[in-house]
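> One structure follows; several queries about it will come next.
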Amino acid sequence: MSKRSLLLLPGDGIGPEVMRQVRRVIDWYARKRGIEFAVEEGLVGGCSYDAHGTPLTDETMARALAVDAVLLAAVGGPKWDNLGFDKRPEAGLLRLRKEMQLFANLRPAKVFDALVDASTLKPDVVRGLDIMIVRELTGGVYFGEPRGITDLPNGERRGVNTQVYDTHEIHRVARVAFELARKRGNKVCSSEKGNVMESGLLWRQEVIALHKAEYQDVELSHMLADAAAMQLVRNPKQFDVIVTDNLFGDILSDEASMLTGSIGMLPSASLGATDANGKRKALYEPVHGSAPDIAGRDLANPIAMFLSFAMALRWSFDLQAEADILENAVENVLNTGLRTGDIMQPGMARVSTSVMADSILREMDKVAAV
Ligand code: IPM
Ligand code: MG
């Protein structure tokens with residue numbers, strides 16, 4: 001069997017230091033479980049701009065399209081804030097999503113028992129929470145045309161972006177949400193602003209049509225995006241799977257991350273369509289950003305990156321039991337009281353990125369031995 005292939009894109013800020021720890025996890029699977037990956041590394045974001053004058057080279061783009069899965073850590077930083085849109089670090093990430101056609105972004109928000117008190121919400125509101133946000137990732141206002149900033153005859157300027165969705169874009173992401181729901185709590189809540197936006201109204205109508213045709217066994221509800229934002233902090237446990245567009249998904253998933261205590265805990269998977277061989281393009285990345293304020297100081301929480309790799313084991317390589325080892329090791333280490341700064345609580349032991357990773361790797365030995 002040919003080796004499973006991975007492209008690692010550490011990116012900017014804390015990206016390289018959390019990716020370094022994931023490499024150790026990848027090595028662990030080769031050493032301890034005989035699961036080998038062919039690993040290449042590349043540049044994306046500000047570091048690529050510094051080296052090549054573009055946030056993503058064509059060569060790296062081509063490699064991303066060729067491998068089984070891409071792991072990306074984070075892009076961006078104040079250093080590149082004043083570049084034009086096409087040169088900004090974020091443009092590298094958006095190009096990857098678009099050209100790999102990763103239309104479904106899975107952002108699970110799960111509260112570990114050990115972290116119930118790390119959330120700013122009351123423990124009862126978040127204990128046991130396990131929701132999945134399915135965010136549309138290649139359409140909507142992020143990519144809609146026309147877009148741009150133009151000069152007006154009256155001396156003012158105009159900024160334009162376009163929110164646009166076609167039927168097939170709505171159906172394919174809603175399908176992912178319904179399929180996921182069947183394996184979880186069997187509930188989908190679809191969220192848009194159909195009260196003010198035609199694209200939102202179409203979204204709702206098309207989700208209803210697909211549900212009627214193929215997914216009547218799944219419980220479907222609809223919530224306006226503003227109300228969903230409110231309900232996510234009021235009573236998040238009412239949700240199972242939330243499906244929503246690119247922009248609302250961006251916002252709602254940041255909000256959901258804080259239910260879990262820290263954005264440093266949340267992984268994500270961005271998936272394309274399944275091809276004739278049953279394969280799908282995929283990119284895995286933490287929901288958190290590049291955190292330039294703590295970069296290079298061994299302070300970052302590596303857990304979101306680890307859990308993103310666990311999602312890769314599940315979704316790209318069908319290694320469910322192996323993913324369990326990593327996820328259980330993370331949970332056990334949290335139960336022993338180790339915390340990086342972002343999830344620090346009174347009475348716990350504050351540790352660095354590398355000590356957190358050391359502990360999780362040691363715990364993986366124990367979990368695997370059982
Ligand atoms: C995310 C990020 C990105 C987005 C940025 C970095 C372009 O916020 O993945 O949620 O807006 O999609
Ligand atoms: Mg975001």
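In case you wondered, yes, glycine gets a Cβ from its N, Cα and C as well.
Note: TrEMBL annotation is automatic and uncurated.
Take a look at what TrEMBL says about it:
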- 5-360: domain 'Isopropylmalate dehydrogenase-like' (DOMAIN)
- 77-90, 289-301: NAD(+) binding site (BINDING)
- Arg97, Arg107, Arg135, Asp226: substrate binding site (BINDING)
- Tyr142: site 'Important for catalysis' (SITE)
- Lys193: site 'Important for catalysis' (SITE)
- Asp226, Asp250, Asp254: Mg(2+) binding site (BINDING)
> Would you list, in sequence order, the recorded positions among Tyr142, Asp250, Asp254 whose CA lies within 10 Å of the CA of Asp226 (substrate binding site)?
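Checking Cα-Cα distances against Asp226 (substrate binding site), none of the recorded positions falls within 10 Å.
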> From the centroid of the CB atoms of Asp226, Asp250, Asp254, the recorded Mg(2+) site, which same-chain residues not already listed sit within 8 A by their CB, in sequence order?
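The surrounding set, listed in chain order, is Ala225, Ala229, Leu247, Phe248, Gly249, Ile251, Leu252, Ser253, Glu255.
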> Roughly how many Å separate the Cα of Ala291 (NAD(+) binding site) from that of Asp250 (Mg(2+) binding site), to the nearest whole number?
17
> Can you give the mean pLDDT for the domain 'Isopropylmalate dehydrogenase-like' (5-360), rounded to a whole number?
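Mean pLDDT, the domain 'Isopropylmalate dehydrogenase-like' (5-360): 97.
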> Roughly how many Å separate the Cα of Lys193 (site 'Important for catalysis') from that of Gly77 (NAD(+) binding site), to the nearest whole number?
32
> By CA-CA distance, flag whichever of Gly77, Pro89, Tyr142 among the recorded positions is nearest to Arg107 (substrate binding site).
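Nearest by Cα distance to Arg107 (substrate binding site): Tyr142.
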> Fewest other C-beta atoms within 10 angstroms of its own C-beta: which of the recorded positions Phe85, Tyr142 fits that?
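The recorded positions Phe85, Tyr142 were compared, and Phe85 has the fewest Cβ atoms within 10 Å.
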> Counting only residues 6+ apart in the same chain, whose Cβ is under 8 Å from the Cβ of Arg135 (substrate binding site)?
Ala104, Asn105, Arg107, Thr244, Asp245, Asn246, Phe248, Gly249, Asp250, Leu252, Ser253
> Near ligand 1, which of the recorded positions show up if the criterion is a Cβ under 6 Å from one of its atoms? Options: Gly77, Tyr142, Lys193, Asp226, Asp250, Leu299.
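The recorded positions passing the 6 Å Cβ test are Asp250.
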> According to DSSP, folded down to helix, strand and coil, what is Arg135 (substrate binding site)?
strand
> Sort out for me which one of Asp226, Asp250 has the most neighbouring CB atoms within 10 A, since those are the binding-site residues we care about.
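Of the binding-site residues Asp226, Asp250, the highest Cβ count within 10 Å belongs to Asp250.
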> Between Arg97 (substrate binding site) and Tyr142 (site 'Important for catalysis'), find the distance joining the two CA atoms and give it rounded to the nearest Å.
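Given the Cα positions, Arg97 (substrate binding site) is 11 Å from Tyr142 (site 'Important for catalysis').
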> 10 Å Cβ neighbour count around Arg107 (substrate binding site)?
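That number is 23.
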